[in-house]
Ligand code: KIV
Ligand code: ZN
């Protein structure tokens, strides 16, 4: 029988570490439910000890998720580990993932610890964690740049203390496939008790090789767990991308000969949800989930695919959840049809109140837009006003005037803690005027580092999806807003970013 390859998703932990990708608790919960639908084996839900916000996110995911193991990261100390165990206490299946750096550079410069001290701390933390939870993963941070002899000593010792999974991170994305694969192989061959643990790979994409390195770790090294994120989200160039690893192993089963538990039909919905939540747009030519991944433009290719699909297609679009871009609902559709379509799209709203809010948004949209696509519905349900989160700022209405040769002016109404506020401003363009109007009241002083507009479904009738990235006091957040009117979408995105700045400030304050 073929071995199983465990898929460990860290979108909500390592992915969220990407500047600007921070998510609220409710957003994380929604993504966790989608990961469960995808049948991910392990969901790394966050880093419980890092803030009250992260603790609550791990806790609510642990309470809600039944089919996947829920994991919290933790530094190798008793306080972090206890906090992780506490957040995970209601989980059906819980894992603590503890780590400490083992490379000479990290030990000397970052930790200012001797190798012997690191070894002792690693052992002690696994021993402590093992008494709280049965499933313990240990990671030697910057493992790939660690000295082989020392790494073998540390990993042998933590397995002896009860670590059940050993993860070997290429923290800085320095590895190349053959060398990384052989690195894992050597560790497994040299460590006498290596067969007592499952070996895992965790690769960053700084040189664009995270997926290749992970697969080499599996094929050459014998790892049986891959750590990855949806859309390859993650710090710097990101992490190993879940959809690419999964589809590589599935499509080339002849080569990898491994079983996967993943229900691949939920991949595109997961990708869309993560992109809309974080504002990190998926490039059109991205493998598996990019808008062009299955589009055949050249005449020769189109002709070939029409005659026999497999002439130019190695995977089926529908197997990863690309349905034809069909019109799903219209103005006359009822609540039940809407609810059913949400289910088909893999969207689970938490309460009847949320379904009602989404349905009324849908009706508003259907009044203004004759064709409603799946993408519109997904954008609509990621709207904060639908998910009933307690946000500081909320959009109410906007009017603006712009005419050639005149300076545009905008009037906006929005809520601050539920209280309506009106503001007016001029600007270089109507978007600029609208955002300046908001600032006259909010005075966040945040710097805008990115503004982008994307048409959700490809025509001028389409909804515009706007991403705004703000930076303030060293914090970077993304806000996303969608509306057929891109000026309204921009104002929504700006308010959403301000909400995130606010909640991030609270999270940072809670850590102190
Ligand atoms: O990249 C890394 O080293 C990590 C560890 C904490 C596993 O994310
Ligand atoms: Zn990492």
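The first residue you see is number 1, and the count goes up from there.
Placed from the backbone N, Cα and C atoms, the Cβ positions cover glycine too.
Nobody curates TrEMBL annotations by hand; they come from automatic prediction.
In the three-state DSSP scheme, residue 204 (Mn(2+) binding site) falls into the strand class. Among the features that TrEMBL reports, Mn(2+) binding site is placed at 14, 202, 204, 239.
The domain 'Pyruvate carboxyltransferase' annotation in TrEMBL covers 5-268.
As annotated by TrEMBL, region 'Regulatory domain' applies to 394-512.
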Ranking the binding-site residues 202, 204 by other Cβ atoms within 10 Å, which is at the bottom?
204
Determine, for the Mn(2+) site, the additional residues of the same chain whose CB lies within 8 Å of the mean position of the CB atoms of 14, 202, 204, 239; present them in sequence order.
10, 169, 171, 203, 205, 210, 227, 228, 229, 234, 235, 238, 240
Could you give the number of helix, strand and coil residues in the region 'Regulatory domain' (394-512) as assigned by DSSP?
39 helix, 51 strand, 29 coil
